Amino acid sequence: MKFVSLASLGFALVAALGAVATPVEADSLTAGGLDARDESAVLATYNGKCYKKDNICKYKAQSGKTAICKCYVKKCPRDGAKCEFDSYKGKCYC
């Protein structure tokens, strides 16, 4: 009985080592269509106008609708001042 369990344990260990030691091809991800997108450093900014009372920025989004975001770090200096929304960082700058 001990010999059978020892043999099956040894077989499982050898199979696991074989799976771990199998080399992975470097091009296997790109061949399967799983390559990384080249959009990681693309900065899309949208210009708009800020409003001092609520400290918000209103801008036209990509969909064409008016979007609103709260100004980040600096307060809006006056109504109608220039602001921009950075879609990469997800923050508004007034």
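These residue numbers are counts, starting from 1, taken along the chain as shown.
Note that Cβ sites are derived from N, Cα and C of the backbone, with glycine treated the same way.
What Swiss-Prot annotates here:
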{"type": "DISULFID", "residues": "C50-C76", "note": "disulfide bond"}
{"type": "DISULFID", "residues": "C57-C83", "note": "disulfide bond"}
{"type": "DISULFID", "residues": "C69-C71", "note": "disulfide bond"}
{"type": "DISULFID", "residues": "C92-C94", "note": "disulfide bond"}
{"type": "SIGNAL", "residues": "1-21", "note": "signal peptide"}
Chain-internal residues near C50 (disulfide bond), provided their CB is under 8 angstroms and they sit 6+ positions away: I56, C57, K58, C71, C76, D79, G80, A81, K82, C83, C92, C94
In three-state DSSP terms, the structure that C94 (disulfide bond) belongs to: coil
Packing count at C69 (disulfide bond) (other Cβ atoms within 10 Å of its Cβ): 22
